[in-house]
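Please read the structure below before turning to the comments.
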Amino acid sequence: MGLLSHLGLQELYSASSEEESEEEEEVITEEDMAKLKDQVEEKKKLIATLRNKPSPMKQKLQLLKEAQEFVEKFEGALGKGKGKKFYAYKVMMTKKWMKFQRDFENFKTACIPWEMKIKEIESHFGSSVASYFIFLRWMYGINMVLFGLTFGLVMIPEALMGKPYGSMPRKTVPMSEQDSAMNFATLWDFGGYAQYSVLFYGYYNNQRTIGWLKFRLPLGYFLVGVGTIGYSFMVVIRTMASNANEEGGGDDTSFNFSWKMFTSWDYLIGNAETADNKFASITTSFKITQESILEEQENRKEGNIHLTRFLRVLANFLVLLTLAGSGYLIFFVVRRSQKFAQEGLDDYGWWERNEVNMVMSLLGMFCPMLFDIISPLENYHPRIALQWQLGRIFALFLGNLYTFIIALLDEINLKLEEEKIVKYNITIWEKNLYNGTWLENSTSRPPLDIDPAIVPRGPCWETMVGQEFVRLTVSDTLTTVITILIGDFLRAVFVRFVNYCWCWDLEYGFPSYAEFDISGNVLGLIFNQGMIWMGAFYAPCLPAINVLRLLASMYLQCWAVMCTNVPHERVFKASRSNNFYMAMLLIILFLSTLPAVYTIVSIPPSFDCGPFSGKDRMFDVIQETLDNDFPAWFGQVFTAATNPGLILSFILLMGLAIYYLQATSESYKAANLELKKKLQNSTKEQQVVMWIKKQMELILLISLLLRVPIHPMEEE
Amino acid sequence: VHVHPENMGNKQTIFTAQQLDAYQDCTFFTRKEILRLFHRYRDLAPHLVPLDYKDNPDVTIPYELIGSMPELKDNPFRQRIAEVFSEDNEGNMTLDDFLDMFSVLSEMAPRDLKACYAFKIYDFNNDNFICKSDLEKTLLKLTRNELTPEEVNLVCEKVLDESDLDNDGKLSLEDFQHMIVRAPDFLSTFHIRI
């Protein structure tokens with residue numbers, strides 16, 4: 001049909017060109033023009049979707065050539081008539097745009113790092129272990145963007161255009177700390193020169209604009225903080241949406257055997273040992289699925305339910321005990337560290353200084369092991385046990401994090417109290433300095449010519465918060481590295497070399513080589529990112545530190561997994577959905593922004609440090625910008641828009657929209673189910689119809705057979 | 001990592017620009033990936049494959065060499081994969097077939113396209129239906145003949161039970177697509193990274 005229309009249009013074109021030679025103005029009729037346009041659009045669409053066609057390459061290349069020739073030929077024809085030049089220009093621009101897009105795609109794919117590393121891991125361990133590394137790479141991408149924002153828009157402007165070190169009290173190390181400011185121990189704790197630098201909140205000046213560019217630093221600082229959270233939300237939700245699009249119907253159990261047969265072999269496997277494991281696990285899973293139905297029935301008969309229930313309740317009780325214990329331990333340790341800080345840290349050794357971070361990291365390391373030991377009591381199917389394990393580790397990390405934050409909030413309140421005292425002391429100190437050379441209520445004071453290092457300082461609670469998060473991240477990194485080196489590497493070395501002189505086979509029995517703990521590592525990654533989101537507002541250096549950490553983590557774990565781990569014997573995914581870990585990330589993102597938003601909205605900023613010093617609340621910077629930099633009507637519109645009545649009605653509208661969408665999606669699901677049932681019923685009906693058909697055929701056959709001898713009898 | 005002097009920088013002398021563009025339109029690969037794939041193809045049989053493809057030489061690499069590629073050598077279905085994507089249906093592949101194969105098996109290929117080719121791969125007797133003997137062959141390949149004949153029979157019956165919607169004792173393309181499109185693991189397992 002395409003060929004015919006091709007011919008038809010050719011005739012049209014030649015006919016019209018004849019016309020054209022007769023009449024310079026009238027060319028092709030409008031109708032034919034529209035038809036031609038449609039054809040050209042169709043061919044263009046064909047070219048765009050050609051790679052999705054399930055035909056052999058030769059055919060595709062042929063189709064492509066034909067389509068391209070057609071488009072080339074008739075695109076010129078369409079250009080005739082009105083707006084010819086503009087149409088040709090549009091065509092040229094579209095071509096250039098497509099070429100640009102293609103080059104950009106090429107560039108983007110060339111930029112993706114670690115592709116070969118991940119491929120090696122995939123071929124040795126299958127797609128589930130590799131999914132952790134793909135997740136890590138994705139996180140690295142997000143952190144690079146966050147790093148770009150904080151580094152480029154906050155740290156660099158202040159470093160280049162802000163007042164230099166030593167020019168203001170907030171930018172100088174106080175006299176009392178100056179001897180120890182360069183010590184490694186102080187720098188490792190992020191005190192000393194590290195504290196009074198662009199790395200932390202306290203260094204920034206509250207000048208409205210800085211430098212010759214008139215860069216509005218406080219506004220920039222605030223917007224970057226909001227922007228990092230906004231960007232993270234957008235990226236996570238976009239990824240979840242695209243995953244949901246690709247997915248099937250979620251937790252469907254109606255195709256178990258078919259899926260086992262057609263989707264259980266992992267085509268990524270490129271290693272003989274992994275392949276052996278995979279064959280064995282597939283065979284076992286086929287055998288078990290048949291047996292498990294029998295097993296379940298047997299279990300029901302045995303009446304062991306009460307014992308199992310009691311054991312499960314006991315296990316949950318122990319777990320709750322552990323969680324409560326770890327929460328209390330953290331609270332206790334944070335209180336103790338406040339006590340140490342008040343008494344001065346010089347009397348205490350390294351452990352006391354870093355107690356909080358070490359305790360949190362150690363708890364994160366040992367409690368999951370404890371849960372692992374408790375779990376056999378419950379006697380669940382491995383996949384369900386894995387889900388419980390994940391849930392408990394999640395609760396553990398969340399509990400620890402929030403206990404930490406509550407303790408931190410306590411400390412902030414203490415610092416706020418301290419600030420009032422310091423403010424009062426400063427006024428007295430200043431009065432002494434002037435020695436009565438100015439009157440109490442005079443508004444203009446002569447500038448003080450004092451070394452900024454001896455000005456008494458307020459306790460800058462924001463920098464303190466930033467420091468705590470940075471220290472936590474660093475100690476977390478160290479714990480991960482040590483766990484890998486000891487838990488995986490030393491264990492593998494031990495099993496490998498001591499096996500020669502040990503009574504039982506270390507490689508097959510206990511302890512054997514470690515398997516890569518996917519879910520533990522993914523959760524660790526998610527929580528680490530949560531800490532970054534929480535602390536990034538108070539320590540702009542945090543995304544940079546995290547980028548370095550992820551880079552080191554990638555190389556270390558790739559090496560460790562290839563060198564010391566063995567492929568899993570049985571693979572259980574925590575959930576059938578790809579979105580499971582994304583959902584957890586989203587929850588953590590939301591929970592991480594809560595404390596940050598709370599502190600921004602309800603706690604007044606320190607009076608002598610940071611870009612918001614002197615303001616009542618940090619978000620006043622927005623109001624200030626609106627008042628000063630935008631035309632008057634803009635401010636009015638904004639104030640009108642933030643009217644509580646309007647906002648409340650907007651929230652109501654959104655709530656209604658959510659309800660409506662939820663209702664429609666439920667109705668679609670129900671319709672889907674109905675159609676499925678109909679399909680099943682129709683097959684049953686078809687079965688009945690086939691059966692009846694068969695019976696009727698049988699009857700007909702018999703009657704035909706019976707008829708044959710009757711005729712001769714009748715004839716006789 | 002091999003260094004190939006013929007495509008240093010932006011100038012390569014293997015394909016014409018139109019050929020590369022056409023390959024980019026017909027597969028999910030970028031220009032760099034296509035060149036890399038060409039070198040992978042050539043490394044299988046350097047004496048057979050010329051370095052100049054501008055005049056579309058008619059070169060085929062026999063199945064034995066394709067099946068020994070590290071990405072395919074452990075796959076129990078490698079022979080069927082090669083047969084489905086090759087022009088002569090015997091497993092001997094031209095460069096076009098090679099590119100086509102890895103394009104369909106790549107991460108970017110959509111679910112429907114993969115389902116179509118998966119159906120062809122598991123259809124051992126090429127009759128456009130996955131009948132019971134095809135299912136048995138698939139299962140035996142998957143478990144390396146470790147299941148008893150009764151177990152094999154049971155599993156195949158169950159599969160037909162679950163997926164055969166038009167109830168003709170075999171799976172048509174629609175039955176197969178209907179079943180596989182809902183599988184959560186399909187996209188991640190029917191994937192070869194090259």
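Here the Cβ of each residue, glycine as well, is placed from N, Cα and C on the backbone.
Record features (TrEMBL):
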{"type": "REGION", "residues": "A:1-34", "note": "region 'Disordered'"}
{"type": "COMPBIAS", "residues": "A:17-31", "note": "compositional bias 'Acidic residues'"}
{"type": "TRANSMEM", "residues": "A:138-160", "note": "transmembrane segment"}
{"type": "TRANSMEM", "residues": "A:181-204", "note": "transmembrane segment"}
{"type": "TRANSMEM", "residues": "A:219-237", "note": "transmembrane segment"}
{"type": "TRANSMEM", "residues": "A:310-334", "note": "transmembrane segment"}
{"type": "TRANSMEM", "residues": "A:358-377", "note": "transmembrane segment"}
{"type": "TRANSMEM", "residues": "A:389-409", "note": "transmembrane segment"}
{"type": "DOMAIN", "residues": "A:460-575", "note": "domain 'TMC'"}
{"type": "TRANSMEM", "residues": "A:531-552", "note": "transmembrane segment"}
{"type": "TRANSMEM", "residues": "A:580-601", "note": "transmembrane segment"}
{"type": "TRANSMEM", "residues": "A:637-661", "note": "transmembrane segment"}
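Residue counts of the domain 'TMC' (A:460-575) by helix, strand and coil are 82 helix, 4 strand, 30 coil (DSSP-based). For the transmembrane segment (A:389-409), same-chain residues at least 6 beyond its ends with a Cβ under 8 Å from one of its own Cβ atoms are 319, 322-323, 326-327, 330-331, 334-335, 356, 360, 363-364, 367-368, 371-372, 375, 465, 468, 472, 519-520, 523, 527, 530-531, 534, 574, 584, 591, 595, 599. Stretch with the most C-beta contacts under 8 angstroms to the transmembrane segment (A:181-204), considering only A:138-160, A:219-237, A:310-334, A:580-601, A:637-661: A:138-160. Counting same-chain residues at least six beyond the ends of the transmembrane segment (A:138-160), those with a Cβ under 8 angstroms from any Cβ of the stretch are 113, 198-199, 203-205, 210-211, 213, 215, 217, 220-221, 224, 227-228, 231-232, 235, 239, 525, 529, 532, 536, 540-544, 546-547, 550-551, 554. Through the fold, the transmembrane segment (A:310-334) approaches residues 355-356, 359-360, 363, 367, 370-371, 374-375, 377-379, 392, 395-396, 399-400, 403-404, 406-408, 410-411 of its own chain, all at least 6 residues removed from its boundaries and within a Cβ separation under 8 Å.
A mean pLDDT of 85 is what the model gives for the domain 'TMC' (A:460-575). Sequence-distant neighbours of the transmembrane segment (A:580-601) (same chain, 6+ residues past either end, Cβ-Cβ under 8 Å): 135, 225, 229, 232-233, 236-237, 239-240, 243, 394, 398, 402, 405, 409, 412, 465, 522-523, 526-527, 529-531, 533-534, 537, 574, 617-619.
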